[in-house]
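A.B. asks: Pasting a structure below so you can have a look.
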Amino acid sequence: MITLLDFYADWCGPCQAMKPVFEKVMPEFAGKVTLEKVNVDVDQAKAQTFGVMSIPTMVIVKDGKEVDRKIGMLAEPAFKQWLAGHTL
């Protein structure tokens, strides 16, 4: 199983635009991907640990190590393809 860290902020327009994408796509990856939402205004330490410089940033973690990241908003097909590539 992999963990998807979603670094976001409530005031970030592109972060808010990703919400429906997460809501639609994540159920398809149930049992394969765990979503952890990280509000950078609340958990600045975690954002710093992962070197997050802009949001939205999505980081895939497997066995405790970062294996991939995407910065910026992703359209649903691209997001789904990206996750699928890490769950095969």
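Placement of Cβ uses the backbone N, Cα and C atoms for every residue, glycine included.
The active site, nucleophile feature in TrEMBL is assigned to C12, C15. Marked as disulfide bond by TrEMBL: C12-C15. Positions annotated as domain 'Thioredoxin' by TrEMBL: 1-88. What TrEMBL lists as site 'Deprotonates C-terminal active site Cys' is D6. Per TrEMBL, site 'Contributes to redox potential value' is recorded for G13, P14.
Thinking about packing and proximity, how do these listed features fit into the structure?
C.D. replies: The DSSP secondary structure for C12 (active site, nucleophile) is coil.
Residue environment of C15 (active site, nucleophile) contains 20 other Cβ atoms, counted within 10 Å of its Cβ in all protein chains.
Secondary structure at D6 (site 'Deprotonates C-terminal active site Cys'), as computed by DSSP, is strand. Counting only same-chain residues at least 6 apart in sequence, those with a Cβ under 8 Å from the Cβ of D6 (site 'Deprotonates C-terminal active site Cys') are M18, F22, L35, E36, K37, V38, P56, M58.
Other Cβ atoms within 10 Å of the Cβ of G13 (site 'Contributes to redox potential value') number 10 in total over all chains.
All protein chains considered, the CB of P14 (site 'Contributes to redox potential value') has 13 other CB atoms within 10 Å.
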A.B. asks: Which ones in the same chain are close to C12 (active site, nucleophile), with CB under 8 Å and 6+ residues apart in sequence?
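C.D. replies: Result: I55, P56.
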